[in-house]
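Please read the structure below before turning to the comments.
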Amino acid sequence: MPLPYVGMALRRLAWAVASCRLAPWTRGASGPLHSAPAARSDCSAPVFIRAPAFGDRLALIDQHGRHTYKDLYLRSLRLSREICQLRACADGDLREERVSLLCSNDVSFVVAQWAAWMSGGVAVPLYRKHPRAQLEYFIQDSRSSVVLAGPEHVELLSPVAQKLGVPLLPLPPTVYHGVAEDPEEGLVLERNWRDRGAMIIYTSGTTGRPKGVLSTHDNIRAVVTGLVHKWAWTKDDVILHVLPLHHVHGVVNKLLCPLWVGATCVMLPEFSAQLVWEKFLSSEAPQINVFMAVPTIYSKLMDYYDKHFTQPHVQDFVRAVCEEKIRLMVSGSAALPLPVLEKWKGITGHTLLERYGMTEIGMALSNPLTAARLPGSVGTPLPGVEVRIVSENPQKDSSPYLIHAEGSEENTKVTPGFEEKEGELLVRGPSVFREYWDKPEETKAAFTSDGWFKTGDTVVFKDGCYWIRGRTSVDIIKSGGYKVSALEVERLLLAHPSITDVAVIGVPDMTWGQRVTAVVTLQEGHSLSHRELKEWARGVLAPYAVPSELLLVEEIPRNQMGKVNKRDLVRQLYPHEKGAPEAGSQ
C-alpha cells in the first residue's frame, strides 16, 4: 500500500476515533427467535464471494465510470480492513456488530455493503431523504458500532454520529476509482455464513415505530437464488437501477440479483424519466434489457412519453426498440393499477410482471416469466417458498386457524368448501427473516404457533393465481412504492401547535397507489393551509410521508375505545373514489 494512502487512511481513522465518545455495546449472543425450514443448499456465502470468479467482467456503471467485479471486491476488502482497524478487531470479524451506511446510488453503496459483510458485520442501509431525527433513531436503535458515509453525506451524519458517540468513517476516493495493489492478499476469512446476520432494513409496523428487520445471509441467498431461477437471470443481462437502496426492491431484486450471476447494473443517481427513456432507446453498449420499478415510476414515464413522443413514427420506434431489446419489465412494492398496466403494454409491448414480497419475507409470489400473466394477480410461489391462506378457527380446538389453500412452487391445494375464499396470507421458507431487531415479543407475535409468518395481507386464490386484496391493517399506507405508517405520521403531526386531533388515511390514487391524507381538527381560532402543513412537516417527515392532502373537520369520529374506523372514514370522505373500501368490508 503506497505511503500517501496510509497517511490519508490513518488521518481518517483518527477523525473517526475522535468522534466516538461512547463505545456502543454489542448484542449478547442468542439464537434465532424462530426456525425456518432448511434451505436446499448450505452455500449461503454472500454475493462478494462469487465476485473473483467474474474478474474483469463489467459489474457496475454509474456517474463515476465503469467498475469490474475485481474492482468491487478489492475496494471492499480494503474498506473492510479499515473498519476492522477502527473497531480494533484483530481477527477481522465484527461478529454481527451493526454497520450503518449512507451512500448514493452508485458504486459506493456496493463497496460499503460488501465491506460490512467482509468484516463480519450486519449492514444497516440508511436513506438520504430521511429526516435527521429518523437517521438518528435507526443508528441508535440498531446500536451501530460504526457509520459509513459517502463524502456528500458526511455533513448530514456528522452531528448525528457525534451526538450518539458512534465513529463516522467517510468513504475514501479509492472506493470510486482504482483497485488495490496486492491482490494476492485479497481473500476473506472462511466463515459459517448461513445463520449469521446480514442486513437490517427498517420498515413501518402497526405500532407506528419503524422496526428493524434482521435477515441472515441465508435468507438473502434464498431470495436471490429464487428470483435468479424464476426470472432466468444470466451474466448477459443489463439492468437499469433507479430505486433507493434502503429496501428489498432496490437492494435485493435490482442489485444483488445481477451481481450474483455476473451481470451488469447501470445505476442512475436518482430517477429521471428523460434519462430512463434515453437508456431504453440508446444503441450504446451495454444495452438495457431488464427494468424494475414501482407503479409511480411507470406513471411518470408514461407522462413523459405523452409529452415528448407524440409523432406516430416515434411511437412505433419506441415500441419496436422495447420489444426487441428488453426481455423483462417488473412492477412491485405497491399495487399496479390496471390502466397503468394496459397503457404501458400499448406503449412498449410489455405486460408488466407483477410480484409480491415484503421486507420480512423477501419475494414470495411472482407471475411467470414466459407464460401468460393475469393482470392484477401476483402469480404463484417462488422456489423454496410455502404459502397458506387462512382464517381464524372459531372452534380453536385442533388448530388456531382454518386453511383455505396451501401452495408451493409446484402447486396449490384448495380445501373443499373454501374455493375463492379470502383470508390472511401466511409464508414459510428459508427467505423469511430471523427477527425484528431487539424486539423478541413482536417477533414472536409475527408468527403462528407452528412457525408461519403472518403477512397481514388479505389474499384469495382463484384462476390458478394468488390475488392481493389489501392490507389486513389500514394503518400501513403504500404510496409510490413506500410503506408509510399512518400512526407514525399522526404522532408527529400532533406536535403541530394548531392541531388537536388527526387521522391519517390512505386514499386510492391512480398514480401513487395511495395518497397520504391527513384528516385534522384545529385549535379554536387557528387556521392551517395545506401549504403551511407541508412546509412544517418537511422538517419531521420523509418526503413520501408528508400528507399530499389536508382535510379540516370539526370532529373525527371515534368509537368508545377511542379508535377511528379508517375504512368508514375513507368511505365517508371519498364515497366516489375508485378503489375505496366497499360498505361492510373488513
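Each residue, glycine too, has its Cβ placed from N, Cα and C.
Per Swiss-Prot, the features are as follows:
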TRANSIT   1-89  transit peptide
BINDING   Thr203, Ser204, Gly205, Thr206, Thr207, Gly208, Arg209, Pro210, Lys211, Asp457, Arg471, Lys563  ATP binding site
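Annotated features taken from Swiss-Prot, shown on the structure.
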residue : record           : DSSP (3 states)
Thr203  : ATP binding site : strand
Arg209  : ATP binding site : coil
Arg471  : ATP binding site : strand
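Of all the binding-site residues listed here (Arg209, Lys211, Arg471), it is Arg209 whose C-beta has the fewest other C-beta atoms within 10 angstroms. In this view, Thr203 (ATP binding site) is surrounded by 18 other Cβ atoms within 10 Å of its Cβ, with every protein chain counted.
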